[in-house]
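Here the structure comes first, spelled out in structure tokens, and everything after it is commentary.
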Amino acid sequence: MNATTAPLPYSAARLHELAHVLIANIRELAHAGWTPATSSNFSHRLDEQHAAITVSGRDKGRLVEEDIMVVDFDCLAVGRPLRPSAETLLHTQLYRRFPEICCVLHTHSPVQTIASRLYAGSDVIRLEGYELLKAFEGNTTHETAVEVPVFANTQDMQVLAAQVDALLDKQSMWGYLIEGHGLYAWGRSMAEARRHLEAFEFLLQCELELLKLRGTRQVVPVPHS
């Protein structure tokens, strides 16, 4: 390091490690078709004041280490003058609020986007009775319900973040939808965030398929033996 170079306020080694974790997982989600047209954004807590996050406008299926940047929890770029996602605040608000949260994933699969449009007027999607509800941290039985909030889309992230915070004041949750947009899911690790994301995707797809069936024929409950 020369005399004119200020030390980085975060661990470069840790950033290198997290960049590869992010890239590997994001590539899988991109190949699944959940990040079309450079959409979606992903982050991982770097330390108590910083997060590693995808640079805006990059093809998520072809990310390299330079496509992962650092922001502080005020959403300011740190280390390199790159542009983070316009939705960075929706990541950092979770890191600020929950010290245990280490990963936030935002995707735009067709299932997520269609469900967000279909249920926009209801403000929530109620998932109930599914065995896979146990995929969400804290759930130990299928005999429960998980409500997925559906927020109105807006380009004003301050407004949306305030709405998310207001709901978090009232209930615990592991994700939410934005109308006509996509899904946010998070967890205490990349593995847990992926599990929550995949569980939401599967359960939302089940709900959409049930709606199709109910639209064409009556669904008769199967009696328990």
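Each residue, glycine too, has its Cβ placed from N, Cα and C.
Positions annotated as Zn(2+) binding site by Swiss-Prot: His106, His108. In the three-state DSSP assignment, the secondary structure recorded for His108 (Zn(2+) binding site) is coil.
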Are there any residues at least 6 positions away along the chain from His108 (Zn(2+) binding site) with a Cβ closer than 8 Å to its Cβ? List them or say none.
Trp34, Thr35, Pro36, Ser39, Ser40, His181, Gly182, Leu183
Local Cβ density at His106 (Zn(2+) binding site) - other Cβ atoms counted within 10 Å:
26
